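What follows is a short report on a single structure.
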Amino acid sequence: MAEQTTKDDKPLFGRPWIFIRGVPAMKFLPPEGPLEVAFAGRSNVGKSSLINALVGHKGLARTSNTPGRTQELNYFVPDGFSGEGGDLPPMALVDMPGYGYAEAPKEQVDAWTKLVFDYLRGRTTLKRVYVLIDSRHGIKKNDEEVLALLDKAAVSYQIVLTKTDKIKEAGLPKLLADTAEKIRKRPAAYPGILSTSSEKGDGLEEVRQAIRLTVGIPF
C-alpha cells in the first residue's frame, strides 16, 4: 500500500483530533474507509490518558467516556475532514471499552465480548490493536483472555506498558523482557513491546511512530 499523507500535509499528530462517534452495536459502525487502530485494556489502565497524550488534547477521550458510553467503541479522527465526497480522515483511533471491572453484571460483560469480537473479526480496516498493560501489575488473567480473543480473530496486536513512572526505573528492562517472553508464542502478537508514561510523556513518540508505520503515514 502506498504511503498516505494527511490533508494540507499537516503531521498526523500535529493537528486537532475530535470525537466523532460512540458505537454500542455493530450496526452503528461508520462505513469502512480510513484505516483504524484500536486501544484495549483493563479499566483504569490509562487508556484515556494515553489517547489524550498522543493527540495533545487533555480532555478528548474523557469527554466521550461519560456514563452511558463506557460500553461503546469510541471513534476519534483528525479534525478538518468533512467525511463526504472522498474528504476522509487518514485514519481513526478507536477506544475500546475497558474490561476487568468486578462490578460489571454478566449480561454487560457478554454484550461487551460480543461487540468487541464481532468488531475484531469483521472489521477489514482495523490494522492493529494496542493492548495496554499496567506496568505495576503486568499481564493478568483478564488480559490473557483478551489476547486469546485477538489471536482467535487473527488481529495483529502490540503490548503497550502504561504508568512506567509508577515503577522503579531499574525494573523496566526486566519487565519488558518478561512481557516479551509471555507473548512470544502468541500468533497475532507483534513482538516489540512499547512502554509509556502519559504523566511524564515518556514513550509517546514511539507509540506515535508505531501508529504511523502501521497505517502507512510517514509523518
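Glycine too: its Cβ is placed from the backbone N, Cα and C atoms.
Going by Swiss-Prot, these are the annotated features:
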DOMAIN    33-217  domain 'EngB-type G'
BINDING   41-48, 68-72, 95-98, 162-165, 196-198  GTP binding site
BINDING   S48, T70  Mg(2+) binding site
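Comparing C-alpha positions, S48 (Mg(2+) binding site) sits nearest to G41 among the binding-site residues G41, E72, K163, T196. Neighbour counts of Cβ atoms within 10 Å were compared across the binding-site residues N44, S48, T196; the minimum falls on N44. Reduced to three states, the DSSP call for T196 (GTP binding site) is coil.
When the binding-site residues G41, P97 are compared by the number of other CB atoms within 10 angstroms of each CB, P97 has the fewest. For E72 (GTP binding site), the count of additional Cβ atoms within 10 Å of its Cβ stands at 20 [all protein chains shown].
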